[in-house]
Amino acid sequence: MDYTATQSGFRQQPNMRLRTSLVDGSEGSQLFEDTSGAASGPQKGFSNQQARPQAEGFPGQSILSDPMSNLAMAYGSSLASQGREMVDKNLDRFIPISKLKYYFAVDTVYVGKKLGLLVFPYMHDNWEVSYQQDTPVAPRFDVNAPDLYIPAMGFITYILVAGLALGTQNKFSPELLGVQASSALVWLIMEVLAVLLSLYLVTVNTDLTTIDLLAFSGYKYVGMIVGVVTGLLFGRPAYYLSLLWCCVAIFVFMIRTLRLKLLSEAAAEGRLVRGARNQLRMYLTMSIAAAQPIFMFWLTYHLIR
């Protein structure tokens with residue numbers, strides 16, 4: 001440290017301190033920040049973060065490699081498969097789901113012939129279902145085979161036509177249309193259950209299934225649609241005439257179809273029916289056929305004004 005003499009005495013000269021501060025300031029606070037080192041730092045950190053999971057492995061790897069976890073997963077899958085088989089077996093006792101594909105195996109030719117048979121069954125001679133190796137052929141190969149396509153489409157079309165008829169009367173509403181659909185479905189289910197109960201009480205040995213009865217009971221929607229559409233186009237008298245024709249047609253169709261399923265072989269061939277059991281079967285067949293016109297009138301008469 002230098003001391004120089006002045007007139008006012010001795011004064012300290014901070015030359016070294018000023019030089020030191022300039023040097024420290026140039027190193028501590030620069031005019032432009034150097035970002036080259038800062039950019040390389042995060043890149044190195046990011047590369048380290050990427051390399052760390054590859055070296056350590058994902059967390060589920062230790063779980064999958066655990067023998068107890070593999071055993072638990074295998075046991076759970078076996079329980080799920082057993083539960084699915086149990087549900088399918090119990091459900092198949094009431095509704096054979098595996099056979100539904102058979103009832104929807106139809107084509108355009110079959111649908112046209114079946115609709116003609118439902119409206120005009122008087123000229124049809126052979127009503128027996130064809131078999132191939134003790135198995136009934138698909139409906140598209142035999143017009144006498146029952147199907148679910150026409151009943152399902154008939155039910156949906158009936159609901160749409162009912163909505164149209166209610167609209168012409170200024171009574172249409174979603175709630176009323178829902179009541180119409182639910183009532184038709186409830187009557188159909190009650191009809192099938194009543195037939196099943198009757199078959200059980202009469203002890204009829206037949207190959208009719210629940211789906212067969214559902215199909216035969218659903219064929220009446222074709223005549224109902226014809227009657228309602230005719231009534232909307234030409235008035236109430238045309239409704240009665242067309243509905244009467246379709247009622248007679250469905251009655252004849254059900255008699256000629258169900259007699260091969262419910263009556264004995266002698267009755268199916270047209271010979272005289274004898275015996276109390278055969279009499280009960282004949283009455284049951286006629287009752288099922290006679291119920292179709294009643295439901296057809298009950299579900300359509302209020303749609304025509």
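Using N, Cα and C of the backbone, Cβ positions are placed for all residues, glycine too.
Residues annotated as region 'Disordered' in TrEMBL: 28-60. Residues or ranges marked as transmembrane segment in TrEMBL: 148-167, 179-201, 213-234, 240-259, 280-304.
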### Message
Under 8 angstroms for C-beta pairs, at least 3 of them, ignoring pairs fewer than 6 apart in sequence. Is the transmembrane segment (148-167) in contact with the transmembrane segment (240-259) by that rule?
### Response
no
### Query
Are there residues at least 6 beyond the ends of the transmembrane segment (240-259) whose Cβ is under 8 Å from a Cβ of it, and what are they?
117-122, 124, 127, 144, 216, 219-220, 222-224, 226-227, 230-231, 267-268, 285-286, 288-290, 292-293, 296-297, 300
